[in-house]
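K.L.:
Here it is, the structure, as structure tokens.
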Amino acid sequence: MATKFPKFSQALAQDPATRRIWYGLATAHDFESHDGMTEENLYQKIFASHFGHLAIIFLWTSGNLFHVAWQGNFEQWVLNPLKVKPIAHAIWDPHFGQPAVKAFTKGGVSYPVNIATSGVYHWWYTIGMRTNNDLYSGSIFLLILASVMLFAGWLHLQPKFRPGLAWFKNNESRLNHHLSGLFGFSSVAWSGHLIHVAIPESRGLHVGWDNFTKVYPHPEGLKAFFTGNWSNYAANPDTADHIFGTTEGSGTAILTFLGGFHPQTQSLWLTDIAHHHLAIGVIFIFAGHMYRTNWGIGHSLKEILDAHRAPSGRLGNGHKGLFETISNSLHFQLGLALASLGVITSLVAQHMYALPSYAFIAKDYVTQAALYTHHQYIAGFLMVGAFAHGAIFFVRDYDPEQNKNNVLARMLEHKEAIISHLSWVSLFLGFHTLGLYVHNDVVVAFGTPEKQILVEPVFAQWIQASSGKAMYGFDVLLSANTSIAKNASSNIWLPGWLEAINSGKNSLFLPIGPGDFLVHHAIALALHTTTLILVKGALDARGSKLMPDKKDFGYSFPCDGPGRGGTCDISAWDAFYLSMFWMLNTIGWVTFYWHWKHVTIWQGNAGQFNESSTYIMGWLRDYLWLNSSPLINGYNPFGMNSLSVWAWMFLFGHLIWATGFMFLISWRGYWQELIETLVWAHERTPLANLVRWRDKPVALSIVQARLVGLVHFTVGYIFTYAAFVIASTAGKFG
């Protein structure tokens with residue numbers, strides 16, 4: 001007899017209802033719950049899957065390189081990065097006939113194409129690539145690497161090459177290898193690539209496999225290093241007149257601390273970036289030699305954590321027990337990793353536009369908008385995932401005995417104080433911010449805009465001034481002519497910083513006013529509300545006043561059994577579910593703010609944002625409605641244009657988003673009745689009734705319907721806004 005799906009759960013495989021399929025899909029990646037799973041086997045499976053993950057990433061990057069080399073215009077773009085539109089790939093079969101072919105034929109080629117808005121052209125150009133051959137070589141190299149990773153994944157599942165449980169639990173060795181090898185060594189290697197290949201290329205000197213051993217990246221070679229004259233490597237940097245990619249105005253420095261931006265490319269100085277990576281690499285290599293492994297020297301993480309107790313005694317046993325708790329809980333580890341990655345991804349979104357490191361990317365406005373939006377959304381998903389796995393940790397892995405009176409236990413004991421404080425902050429921010437917006441809306445609607453309550457963000461302006469922004473007249477730290485800090489920064493370190501922060505050519509410390517003050521507090525409200533939902537979900541995951549034995553029902557339970565009425569919305573899963581909507585709401589406000597402020601600055605019309613962002617109708621009318629015209633006019637009775645595909649995606653995104661509500665607003669009984677009606681009709685329809693199924697149709701559970709609704713809501717929301725950002729920006733700036 002053929003075994004039914006899912007093979008990993010005999011109980012599910014024998015379920016006579018369609019539950020078998022849906023629960024099988026839902027638990028496919030929940031390795032812990034699979035039949036016959038041991039802790040060692042669990043670690044081995046996850047470890048092997050990492051290689052598969054890396055293979056997918058390398059294959060995807062290889063595909064980018066290959067398609068640009070084959071169908072793109074990289075070599076033409078290199079000659080004129082500001083005017084030529086970078087091509088991602090060709091469109092094989094443009095629908096809607098000749099008008100479509102014409103609309104999508106651009107970028108200096110004779111066939112219809114998609115324009116790249118990911119910034120890969122700028123990245124490849126900055127790191128020293130100049131020809132299609134360079135791209136092909138990179139593509140083939142990554143393809144080979146992907147194959148090696150797939151093989152490694154397979155190999156590490158074979159009995160001879162499976163690491164044992166002790167190997168996975170050896171925290172100090174893993175830290176040493178990851179800090180020194182993964183972060184340290186790779187940072188130094190990247191610094192080496194920048195010094196040996198990218199910087200010479202930016203000065204018009206090509207370094208390839210044929211000559212890289214003969215070309216000195218610096219006139220003195222390694223002499224300055226071994227004689228201790230390290231400052232020689234910073235002498236004679238590129239001048240302000242340097243033309244990127246040529247010898248004109250170029251210097252010989254390889255490791256500098258100039259600060260600010262290259263005047264022509266408006267990106268960070270490559271020599272500053274190389275210096276940064278070298279310093280980071282050296283620090284991490286040191287850090288990777290700090291933990292005790294073979295020779296009994298260095299730190300023991302267990303000793304450090306067990307010793308961490310507040311001298312006042314107010315934190316009980318402090319970090320005692322955390323070493324074992326974290327080491328034995330993959331969910332705890334994943335939660336920490338997701339939280340860290342979430343924060344850093346949001347920082348990437350911020351830094352990619354404020355401190356652009358790739359040549360000319362600051363002037364590709366569509367790419368700037370796309371990259372910011374992309375990274376903020378990714379950060380949102382990662383952060384919510386961190387709390388979800390934190391909650392699963394509390395349900396599945398938390399041991400009250402092991403954590404007696406330590407910081408984890410004490411956090412659970414005073415969770416009411418944490419939750420009520422977050423609740424108070426959210427209410428305070430919400431009522432005050434909305435109150436200001438609504439007041440301003442009313443007075444503007446009645447024709448007296450001068451009666452608006454406009455609050456200058458003086459504290460934020462003071463922080464900008466202390467970093468060197470002179471326009472506010474605060475005379476503090478770097479913006480005070482008499483301060484030691486200003487003299488040091490101008491003459492000793494980062495001399496280009498002050499010029500950059502006070503220049504109108506970049507997005508570094510943009511001028512802020514009452515509109516920024518209000519939207520800042522709206523975003524603070526959204527962040528605190530999202531955090532409240534997530535923190536409450538995790539802290540109540542083991543039990544709450546209404547349901548003290550919640551942990552016994554697992555991470556996601558439906559409304560359970562007699563006398564359990566009203567428990568539909570209190571599983572840890574439901575907190576994650578609700579938080580997702582708030583997360584999307586938060587990222588929406590963040591990206592609306594960033595995009596509108598930048599679009600008005602790029603158009604030389606910053607006044608529009610400043611005047612209209614202080615009341616809600618301004619946001620609806622002058623941001624959303626005004627910028628949606630390219631999407632509404634993407635195609636009409638007169639034909640189509642190059643934005644038509646985004647107009648269609650905008651519509652389609654709305655449709656998917658709206659479909660979500662069908663699942664979100666209806667509960668289980670509706671679906672059971674609908675399915676039974678459909679089955680009845682199916683069985684009485686000629687031809688259709690020849691197709692039978694063995695599984696008894698069972699409707700979606702409440703949790704499943706919510707998931708289906710959430711996925712539609714999320715995907716539709718993102719499709720809609722992605723199309724809006726790209727089309728509204730491309731419609732203005734090409």
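Note that Cβ sites are derived from N, Cα and C of the backbone, with glycine treated the same way.
What Swiss-Prot records for this protein is below:
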- 46-69: transmembrane segment (TRANSMEM)
- 135-158: transmembrane segment (TRANSMEM)
- 175-199: transmembrane segment (TRANSMEM)
- 273-291: transmembrane segment (TRANSMEM)
- 330-353: transmembrane segment (TRANSMEM)
- 369-395: transmembrane segment (TRANSMEM)
- 417-439: transmembrane segment (TRANSMEM)
- 517-535: transmembrane segment (TRANSMEM)
- C559, C568: [4Fe-4S] cluster binding site (BINDING)
- 575-596: transmembrane segment (TRANSMEM)
- 643-665: transmembrane segment (TRANSMEM)
- H654: chlorophyll a B1 binding site (BINDING)
- M662, Y670: chlorophyll a B3 binding site (BINDING)
- W671: phylloquinone binding site (BINDING)
- 707-727: transmembrane segment (TRANSMEM)
K.L.:
Six or more residues out from either end of the transmembrane segment (175-199), which same-chain residues have a Cβ under 8 Å from its Cβ atoms?
P.N.:
126-128, 207, 212, 217-218, 254-255, 270-271, 273-275, 277-278, 280-291, 293, 301
K.L.:
Go through C568, M662, our binding-site residues, and report the one whose Cβ sees the most other Cβ atoms within 10 Å.
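P.N.:
Checking each of C568, M662, the winner is C568.
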K.L.:
Can you tell which of the binding-site residues C559, C568, H654, W671 lies nearest to M662 (chlorophyll a B3 binding site) in space, using Cα positions?
P.N.:
W671
K.L.:
C559 ([4Fe-4S] cluster binding site) has how many other Cβ neighbours within 10 Å of its own Cβ?
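P.N.:
Excluding its own Cβ, the number within 10 Å is 17.
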K.L.:
Tell me the Cα distance separating the residue listed as 'phylloquinone binding site' from H654 (chlorophyll a B1 binding site), rounded to the nearest angstrom.
P.N.:
23
K.L.:
Taking the Cα atoms as reference points, how far is the residue listed as 'phylloquinone binding site' from C568 ([4Fe-4S] cluster binding site) in Å?
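P.N.:
Pair distance, Cα basis, whole Å: 17 Å.
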K.L.:
I need to check the long-range neighbours of the transmembrane segment (273-291): which residues 6 or more away from its ends have a CB within less than 8 Å of a CB in the stretch?
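P.N.:
Distant Cβ neighbours of the transmembrane segment (273-291) are 171-173, 175-181, 183-191, 194-195, 198-199, 234, 254-257, 298-301, 357.
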K.L.:
Which residues, given as numbers and ranges, are at least 6 beyond the ends of the transmembrane segment (517-535) yet have a Cβ under 8 Å from it?
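P.N.:
Residues packing against the transmembrane segment (517-535) from afar: 384, 387, 418-419, 422-423, 425-426, 429-430, 432-433, 436-437, 455-457, 460, 575-576, 578-579, 582-583, 585-586, 589-590, 593, 613-614.
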K.L.:
Could you check whether the transmembrane segment (707-727) and the transmembrane segment (575-596) come into contact, where contact means at least 3 Cβ pairs under 8 Å with the two residues of each pair 6 or more apart in sequence?
P.N.:
yes
K.L.:
A 10 Å Cβ contact count, applied to the binding-site residues Y670, W671: which residue has the minimum?
P.N.:
Y670
K.L.:
How far is it from C568 ([4Fe-4S] cluster binding site) to Y670 (chlorophyll a B3 binding site), counting Cα to Cα, in Å?
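P.N.:
Each residue's Cα considered, C568 ([4Fe-4S] cluster binding site) and Y670 (chlorophyll a B3 binding site) end up 16 Å apart.
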K.L.:
If I take the alpha carbons of C559 ([4Fe-4S] cluster binding site) and Y670 (chlorophyll a B3 binding site), what is the distance between them in whole Å?
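P.N.:
Checking the Cα atoms of C559 ([4Fe-4S] cluster binding site) and Y670 (chlorophyll a B3 binding site) gives a distance of 16 Å.
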K.L.:
With every protein chain in view, how many other Cβ atoms are within 10 Å of the Cβ of H654 (chlorophyll a B1 binding site)?
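P.N.:
Other Cβ atoms within 10 Å of H654 (chlorophyll a B1 binding site): 15.
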